[in-house]
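Below you'll find the structure, written out as structure tokens, and then a few comments.
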Amino acid sequence: MEIKDQGAQMEPLLPTRNDEEAVVDRGGTRSILKTHFEKEDLEGHRTLFIGVHVPLGGRKSHRRHRHRGHKHRKRDRERDSGLEDGRESPSFDTPSQRVQFILGTEDDDEEHLPHDLFTELDEICWREGEDAEWRETARWLKFEEDVEDGGERWSKPYVATLSLHSLFELRSCILNGTVLLDMHANTIEEIADMVLDQQVSSGQLNEDVRHRVHEALMKQHHHQNQKKLANRIPIVRSFADIGKKQSEPNSMDKNAGQVVSPQSAPACAENKNDVSRENSTVDFSKGLGGQQKGHTSPCGMKQRLDKGPPHQQEREVDLHFMKKIPPGAEASNILVGELEFLDRTVVAFVRLSPAVLLQGLAEVPIPSRFLFILLGPLGKGQQYHEIGRSIATLMTDEVFHDVAYKAKDRNDLVSGIDEFLDQVTVLPPGEWDPSIRIEPPKNVPSQEKRKIPAVPNGTAAHGEAEPHGGHSGPELQRTGRIFGGLILDIKRKAPFFWSDFRDAFSLQCLASFLFLYCACMSPVITFGGLLGEATEGRISAIESLFGASMTGIAYSLFGGQPLTILGSTGPVLVFEKILFKFCKEYGLSYLSLRASIGLWTATLCIILVATDASSLVCYITRFTEEAFASLICIIFIYEALEKLFELSETYPINMHNDLELLTQYSCNCMEPHSPSNDTLKEWRESNLSASDIIWGNLTVSECRSLHGEYVGRACGHGHPYVPDVLFWSVILFFSTVTMSATLKQFKTSRYFPTKVRSIVSDFAVFLTILCMVLIDYAIGIPSPKLQVPSVFKPTRDDRGWFVTPLGPNPWWTIIAAIIPALLCTILIFMDQQITAVIINRKEHKLKKGCGYHLDLLMVAVMLGVCSIMGLPWFVAATVLSITHVNSLKLESECSAPGEQPKFLGIREQRVTGLMIFILMGSSVFMTSILKFIPMPVLYGVFLYMGASSLKGIQLFDRIKLFWMPAKHQPDFIYLRHVPLRKVHLFTVIQMSCLGLLWIIKVSRAAIVFPMMVLALVFVRKLMDFLFTKRELSWLDDLMPESKKKKLEDAEKEEEQSMLAMEDEGTVQLPLEGHYRDDPSVINISDEMSKTAMWGNLLVTADNSKEKESRFPSKSSPS
């Protein structure tokens, strides 16, 4: 931490309280008024005024339990007297434990529930010839922003670095200054009156300067946004009015009907020398002190603040910054500065109850909850500024922030500061420049461990959360009843059915729909084309479009997880090829046998649903998921590049080009020298002969259809050279990939407003496709385009839309079909459930639950329907589903400056999937539009989807570690807990399995691919012998244990909890010399009192107090 100007800073801001003045207030409430109250008048009051401690009648004071306070704090409350320097006596009760106790208590009212805080630091500014005013110099939502020296702009948000000395001085201010908790006030004037009355009563402020300090506090506040908004149309007045109206029910209206105590009004003016009873609590109302001499009335203050044109009477609001403040946030105002007429420091910490909108005090129109006032003599402005930064930074600390809301007295606040000091990290002064602004981190560590007490074994009392989510939950528990899991899925998803449609009203859903429609169209049509080639047109592109649309619509409407996108898979295509070849060799009807197999497969899948077989998904861990997902992503990338290279066969390049012979290059269509029998038969059917055809006048497509030959220097192998088309296709391909990735990252760009960046990022891929289509159309190069069937009818005329399972095949084929159906069932089950597991991971923070059984049922039913109609089978597509989820990610719209938006979850709805497949079915009628989309653009989209889906896969992060020195490796959580050699061993095993899957996938044995995916589960089980359970918990998900093992673990946990409870009930008595068994456990409050810095503060304070007692001020109270 920063330590500077120590000579000036060693002088304390406040003298320490001694026995003659006041003992450090260990009570919950102190009245600043010298008025006698009866006990029954004081009980049950919430307002706390922590100030002077004056014993009554020589009676030894004791702490009393408040009716709404803590119930178990006797050991702290019964310490009535402290040391002269304000320190508590040594104790093993550490600040961390006290803070955990404070945060663990629950108040009966909602008034002390913590809210988000906006903190503003204002400093009083004096200029010659001008009236003084409060100027905003810094603000905090999460990180610090300063007004730059020029005063024209805000700095970038940065992590606040504080000097240790300023934190010590802040602690001294809270210990010895005025602390007013739960003050009832409606205006800044009332707050100033109460604070100054407290200061005068306690002898911290002279009566003759009270009026001048009050005037200083009433000075107008000038905020940084006022200058740049001064000339704008005051439309923002309505926004301020909204904030005012939201706050008035909690401020003016609530207090309007309060009855002022008959003793409270004259208390300040007349009874200043009376002795107040300890624990006195006074409910100050808005009329308190309003008639005192020298005070400015609220009306007078309003007249002074409302100078200027009418449109400036309501302060301008920075709407852009206002959007970053969370709903329900409150303000804490820090007021520091130098006053020439002060000879000692005025310090006050105020908590309002309820929070009140103080017009003109904060930059934004939100209710103020806390005020910290620090005014002192000239010459210590920088010191005051650093203390103001310290309290503002503390207010942004998650733990102290909660302590400030729940504190019952001064000691609670001091404990919060001590706990903060116990957690801070100190930077050596010789190795760090404090003027360097630290950039906000991308991820801020959780502070929950600071709030939860620890048990003897070092873990949190409430248990340590798993490092990452597995697949446990009610969705995967066996019910023991037929269709029990399916019934629970329906009950779980039914309440969200209508919200699945309402939640889709967002531009993000429109962007996702347009992007994925283009992404899904091409593979469906391509798959149909390949299937048509393999089955001689029995199932082709039109059947593929119709089947995908029908299956997708049904699944999107009634599926358990509508975020899953259905598509075609490679193993299905391999199975279709093998089946067609088998039927052709044995003279069987392919479509009929396929229908029988499909119906058996659907029946077996329904049996799996009835027996809750989806509960076996819990054995699919991250190890299997990542291997499967990585393979599919790599296949997408590989096939995209393969399709691009295949264009070189259709549009070849002359690799032996000679620029000097360009005038001699030509390519002509000639009669084939030796036409094949098929060619001659085709000519005869068309009533043509070789002599009837004028070969030299034929176009390229006509020459190809008549099986002519290309002759000439500009001809390749069966095609003319077309270099511009291939090169242009390559340009389109890589431009699509680059532009998609760039626009997707545009959300984090520094250009344009946030809303524009967000829209561009959501529509990134669609905008890319649109731009590439326009550019391709403008250039005019005939690149290959998307071909969509233009007529809705079966590809072959000899088949209809329905197929009988038996057909012309023998009867026994229906029974024999169960054998290949078993293999198909494994294929469908593994593809569907692994994809569902990836989509339903806890990292996605899905709130509407999942439905593994319902998903499998819908896939099984539609598989049976597609089999009867002779349509392709569709199952969950991994990459398309991951892309769908990534396109619907939700992030916090209201994030503090410098804070990374928080991932909130996924926009769960059914509309995007539904619209994708509805439009896909309508594509037959949109061929006039779709024919403009170049195929290289869609190949580029495939590559982008495959590459973007690899992000977040831990396997590739671990692969990078092989080439990184240890000192340059990222701070992955598993590297902290698992030896690097074990991490590498885990990665090698996973890469070996991935390589084996790849070999099987691209070979003729691709039909057994699902069996190999299933084998990964057993490989993972064998890894229990190579790695410990703890190592696997960090590198992978833990697999379910046997019932006996679970019972043993439960017994061990119960024993540990019993030991923890016994330990909590044990009373530890310190030995002589305060010996501690564990040297790592210290009390920061006790250790701080032993430091020379704190001691110097106390010694100087005592000297200052002694000097003041020798030469008392005339106006100081007796």
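Using the three backbone atoms N, Cα and C, a Cβ is placed for every residue, glycine included.
Residues annotated as region 'Disordered' in Swiss-Prot: 1-23 (among others).
Residues annotated as region 'Disordered' in Swiss-Prot: 58-97 (among others).
The compositional bias 'Basic residues' feature in Swiss-Prot is assigned to 59-76.
The annotation phosphothreonine is assigned in Swiss-Prot to Thr94 on the grounds of a large-scale study or a structure entry. In the three-state DSSP assignment, the secondary structure recorded for Thr94 (phosphothreonine) is coil.
The region 'Disordered' annotation in Swiss-Prot covers 269-310 (among others).
Per Swiss-Prot, region 'Disordered' is recorded for 457-476 (among others).
Positions annotated as N-linked glycosylation site by Swiss-Prot: Asn677 (among others). Sequence-distant neighbours of Asn677 (N-linked glycosylation site) (same chain, six or more apart, CB under 8 Å from its CB) are absent.
Annotated N-linked glycosylation site per Swiss-Prot: Asn687 (among others), in sequence order, evidence recorded as sequence analysis. Taking Cβ-Cβ distances under 8 Å and a sequence separation of 6 or more, Asn687 (N-linked glycosylation site) has no neighbours in its chain.
Note on Asn697 (N-linked glycosylation site): other Cβ atoms within 10 Å of its Cβ, all shown chains, come to 9. Here Swiss-Prot flags Asn697 (among others) as N-linked glycosylation site, drawing on sequence analysis.
Asn697 (N-linked glycosylation site) and Thr94 (phosphothreonine) have their C-alpha atoms 98 Å apart, to the nearest angstrom. Its own atom aside, the Cβ of Thr94 (phosphothreonine) has 19 Cβ atoms within 10 angstroms in the protein chains shown. In the three-state DSSP scheme, Asn697 (N-linked glycosylation site) falls into the helix class.
Asn687 (N-linked glycosylation site) falls within neither a helix nor a strand when secondary structure is assigned with DSSP, and so counts as coil.
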